[in-house]
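As given in Swiss-Prot:
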- His118: chlorophyll a ChlzD1 binding site (BINDING)
- Tyr126: pheophytin a binding site (BINDING)
- Asp170, Glu189, His332, Glu333, Asp342, Ala344: [CaMn4O5] cluster binding site (BINDING)
- His198: chlorophyll a PD1 binding site (BINDING)
- His215, His272: Fe cation binding site (BINDING)
- His215, Ser264, Phe265: quinone binding site (BINDING)
- Thr2: phosphothreonine (MOD_RES)
- Thr2: N-acetylthreonine (MOD_RES)
- Tyr161: site 'Tyrosine radical intermediate' (SITE)
- His190: site 'Stabilizes free radical intermediate' (SITE)
- 29-46: transmembrane segment (TRANSMEM)
- 118-133: transmembrane segment (TRANSMEM)
- 142-156: transmembrane segment (TRANSMEM)
- 197-218: transmembrane segment (TRANSMEM)
- 274-288: transmembrane segment (TRANSMEM)
Amino acid sequence: MTAILERRESESLWGRFCNWITSTENRLYIGWFGVLMIPTLLTATSVFIIAFIAAPPVDIDGIREPVSGSLLYGNNIISGAIIPTSAAIGLHFYPIWEAASVDEWLYNGGPYELIVLHFLLGVACYMGREWELSFRLGMRPWIAVAYSAPVAAATAVFLIYPIGQGSFSDGMPLGISGTFNFMIVFQAEHNILMHPFHMLGVAGVFGGSLFSAMHGSLVTSSLIRETTENESANAGYRFGQEEETYNIVAAHGYFGRLIFQYASFNNSRSLHFFLAAWPVVGIWFTSLGISTMAFNLNGFNFNQSVVDSQGRVINTWADIINRANLGMEVMHERNAHNFPLDLAAIDAPSVNG
């Protein structure tokens, strides 16, 4: 038998680069999506840290009343934030070279746009990188599909909502108290708590937490012991072992008796699909809800819908929410508007019955 060995031609520099980028042997997989992900996320992270520490106040409402957001200008970790780009800029693309000076760029909140646009591109590439690595390893693509939920949520609050409202100044500030401010104002202007898609998102997040805790506790309680009583049950697991590590029949039997038989999964694949799909679909719906409310298709309004035979209003919780919404709307951007839009109309809605 004769073996013929051909000398392999030396690869070009580009070929070696391609092999390195797509190699699954690297400690951290890079991938073609990673080529774009790494610089965009590094840029977003670097600018966020610098701006959170040292950015000067930003004229968010476009009325020459700058709002401070950085640590060096009097904030702490809780109150600090990257202040959104000024309403004077609106939806215009506002890179550094579009401003007359760096001071003007900072005053108009340029860092917010820079961070948000790089961040969204980066997390989208991270999702693509998850798909790419799954493809290289011969896995199914559902990890990237699951990650699409937080990507959709971030895109909704940082991009779709500002587009719908006409200005990046309406985007979510990048900070703790700024996030809560965004939520309160969103409720005041769009009545999000009464939107069915937000309700589905709440069910998804809280339901997902419940199901995760239930699943983890059931599995941990039905481990197949491979150790003595003097050793931890966790020590009996070997990474990559072919045998089941817990008894799904025991877990199914326990839960079936605790609730009822058909409340428990007897198929591990169906169970784990359900655990993944429940929160993901819920967050998808909330993202869709934010994206529709961006264009002022708001939550249900049942204000003063209950009246007696004489036409007098019987106040319900919907009317209480209406009063709260008006109060929150009065308080926000108090120097930019004399009245909230609801109160500035010729015929103001009656809230006293």
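Every residue, even glycine, has its Cβ placed from backbone N, Cα and C.
Beyond the transmembrane segment (142-156), the same-chain residues lying 6 or more positions past its ends with a Cβ under 8 Å from any Cβ of the stretch are 119-120, 123-124, 126-128, 130-131, 134, 276, 279-280, 283-284, 286-288, 290-291, 294. Taking the C-alpha positions, the distance from Tyr161 (site 'Tyrosine radical intermediate') to His215 (Fe cation binding site) comes to 36 Å. The record assigns His215, Ser264, Phe265 to the quinone site; their largest pairwise CA distance measures 11 Å. In this chain, the transmembrane segment (197-218) lies close to the transmembrane segment (274-288): three or more C-beta pairs between them fall below 8 angstroms, excluding pairs fewer than 6 positions apart.
With a cut-off of 8 Å between Cβ atoms, the residues of this chain six or more beyond the transmembrane segment (118-133) that come close are 24, 29, 31-34, 36-37, 40-41, 43-44, 47, 141, 143-144, 147-148, 150-151, 154-155, 158-159. Cα separation, Ser264 (quinone binding site) to His272 (Fe cation binding site), rounded: 12 Å. Of all the binding-site residues in the record (His118, Tyr126, His215), the one with the smallest CA separation from Glu333 ([CaMn4O5] cluster binding site) is His118. Take the binding-site residues His198, His332: by the count of other Cβ atoms within 10 Å of each Cβ, the lowest one is His332. When the C-alpha distances from His332 ([CaMn4O5] cluster binding site) to the binding-site residues His118, Tyr126, His198, His215, His272 are tabulated, the minimum falls on His198. Each residue contributes its Cα atom, and for Tyr126 (pheophytin a binding site) and His215 (Fe cation binding site) those atoms are 28 Å apart. Between the C-alpha atoms of His190 (site 'Stabilizes free radical intermediate') and His198 (chlorophyll a PD1 binding site), the distance comes to 11 Å.
Around the Cβ of Glu333 ([CaMn4O5] cluster binding site), the number of neighbouring Cβ atoms within 10 Å comes to 16. Highest local Cβ density among the recorded positions Tyr161, Phe265 belongs to Tyr161, counted as other Cβ atoms within 10 Å over all protein chains shown. Apart from His215, Ser264, Phe265, the quinone site neighbourhood in this chain, defined by C-beta within 8 angstroms of the site C-beta centre, holds Met214, Leu218, Ala251, His252, Phe255, Leu271, Phe274.
Recorded residues Glu189 ([CaMn4O5] cluster binding site) and His198 (chlorophyll a PD1 binding site) have their alpha carbons 15 Å apart, per Cα-Cα distance.
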